[in-house]
Amino acid sequence: MHPEVSEPQADGATEPSLEESAGDHGRAGPGVRKEEINETKETCVGPSTTSCQSQKQQSGDSRLDCRSGYARNDRDDRGPRMTKEFLQKLCKQHKLYITPALNDTLYLHFKGFDRIENLEEYTGLRCLWLECNGIQRIENLQAQSELRCLFLQVNLLHKIENLEPLQKLDALNLSNNYIKTIENLSCLPVLNTLQMAHNRLETVADIQHLRECLRLCVLDLSHNMLSDPEILSVLESMPCLRVLNLMGNPVTKHIPNYRRTVTVRLKQLTYLDDRPVFPKDRACAEAWARGGYAAEKEERLQWESREHKKITDSLEALAMIKRRAEERKKARDKGETPLPDSEESSSTSPEAQDKPPLGETQQKIEVFVEESFKVKDELFPEKPGGEEELAVVEDRTMEEPDLPGSLAQSQTLLVATAEESTSSVAATDGTGTEDTEAIALETKERLFIDDLPDLEDVDGMDMSMEDQTKEMGIPKIQVISSLSDDSDPELNDSPLPMLEHTPTGSTGVLSNIFAVCKDSSKAVRVPLTDICEPRATTELETQGQVFSTTPPRPLIQELEEDGRGENESKPSLPAQSSEDGDSQLPEATLLGDRAENEAQSSLDLGKPSPRASLEDIEFGLD
């Protein structure tokens, strides 16, 4: 360390000695000075690094050489490479598949690569971006047999090579490189687009290989150094060429009437340089080739006249439509029927035009109806047990008319009361108790078809069914007796004669019922009136709605008339009321509060026994 610090002082000390020696030997010539300076330079050169660094600072040439050597070593050692790890990280960055074979696109542009390598695992690539790198050679693409697009623009390529594995390549971009000759492209059978702009193409021989590219449709040769007009012969031999770009080449100035000539010679061309080749341009160019500028001018005038005629025809058609619309509007304002257009009437009459649509609509309607019936048959096929279903449906239809007339009351009534009401109405029409039992059995069979026993058990169940009907008939007859006395005023006068004419089998039951009523008439009268008043009203309504024997208004009038008759005959009833309390029960149940008031008045007029009055007080004030 100490010698390194002392070295600058020694150098500083030696400098004045050199100057003094030079001053002392001032008389000596310049040759002596040069020799001394050279000797000092030679003494500085040595194995030590410090002497080498001082030498680099003194000589600029040696400094540049040293820097260039370091730069080459850095580029060889530290330059970006297409390693597998780098490619995997890149796939993660671009949200691609980590499995290499699953990726169809790989973005490797603007990375500074100088070689194409480590792409063997990426066998499913369809598009490979390698633009803006330092690639000097096309190589290592043997595994990319499915590649369609290869972008190698803005690189350091000098030659087209190693493209044989890319049999499905469709687009190749080699712009902005240093390629001097188009070659090795005939091995690409489906190549459609080739971009060779900004390269070093000069002569016809440089593009002669394009004759072998039979499927090439898009060719970009702009901004090269092509100057020979004979390149058109090469371009003519390309049967599928549609798009051509020769801008920026000297040949565009060397070919007279460049656009017309190229358009005429390339028959399939649709786009030249910066704009398309329209049919009008092609027709004018062909006319120019036939007869010069005069023929071209005439052809152009014809095209312009045709275009003008198309425009005028369209405007006239619009004006005609507007005029016809105004005429129709005027006719409608005047109340006249607008006449059809003359053109339409001459070609086809409106009736003939309207008939086919009407026929078609009718056919469509018929087809729709048939299809709807077929769908109905498929969805609702006829079943073997149709009779049973019909019975149930008839039963429901008989029950449905009761609903709209008595919605408020049907919410409080049960299904059993409805069935009993139907049976009671049938009994009050003048039929016997046997008929009522038969009707009850029929309704039960209709409503409970699913509950019927099997055919094997029918014989053993006959007696039990008869017993059940007898047992079930008893509460129905009780309800009939209670409701018929309350509901039907016409039957109030003669319930017992009907019972006398009944068969002997049922007289016992009915006599027992009425015997109970006679024994406990005073005790049961008030509860029956409270219970049977709403049922009596419902029975009257159901009788008027179901059987429609008498309309509601005449029925009310008859009730009022009966009430008036009873009021007129009330003075003769008090004696009977004291003797028999059953006669007061139908009056109270039929007329409600009004009947109760009349019964009370009759009781006051008749002056019944004290025992009867006490019982009335006990049971009447609940």
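Just so you know, glycine gets a Cβ as well, placed from its N, Cα and C.
What Swiss-Prot records for this protein:
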COMPBIAS  22-42  compositional bias 'Basic and acidic residues'
COMPBIAS  48-59  compositional bias 'Low complexity'
COMPBIAS  62-80  compositional bias 'Basic and acidic residues'
COMPBIAS  326-336  compositional bias 'Basic and acidic residues'
COMPBIAS  337-351  compositional bias 'Low complexity'
COMPBIAS  540-550  compositional bias 'Polar residues'
REPEAT    101-123  repeat 'LRR 1'
REPEAT    124-145  repeat 'LRR 2'
REPEAT    146-167  repeat 'LRR 3'
REPEAT    168-189  repeat 'LRR 4'
REPEAT    190-211  repeat 'LRR 5'
REPEAT    215-236  repeat 'LRR 6'
Structural state census, the repeat 'LRR 1' (101-123) (DSSP three-state): 2 helix, 3 strand, 18 coil
Same-chain residue ranges lying at least 6 outside the repeat 'LRR 4' (168-189) that approach it to Cβ under 8 Å: 131, 145-161, 195-202, 205-210, 212-213, 215, 220
Residues of the parent chain within Cβ reach of the repeat 'LRR 6' (215-236), under 8 Å, 6 or more residues beyond its termini: 175, 189-204, 206-208, 242-251, 254-255, 261-262, 265-266, 273
Same-chain residues at least 6 beyond the ends of the repeat 'LRR 1' (101-123) whose Cβ lies under 8 Å from its Cβ atoms: 79-84, 87, 90-91, 94, 129-146, 151, 156
Residues of the repeat 'LRR 2' (124-145) by DSSP state, where helix covers H, G and I: 0 helix, 3 strand, 19 coil
Within the repeat 'LRR 3' (146-167), residues counted as helix, strand or coil by DSSP: 0 helix, 3 strand, 19 coil
Averaged pLDDT score, the repeat 'LRR 5' (190-211): 95
Counts of helix, strand and coil residues, the repeat 'LRR 4' (168-189), according to DSSP: 0 helix, 3 strand, 19 coil
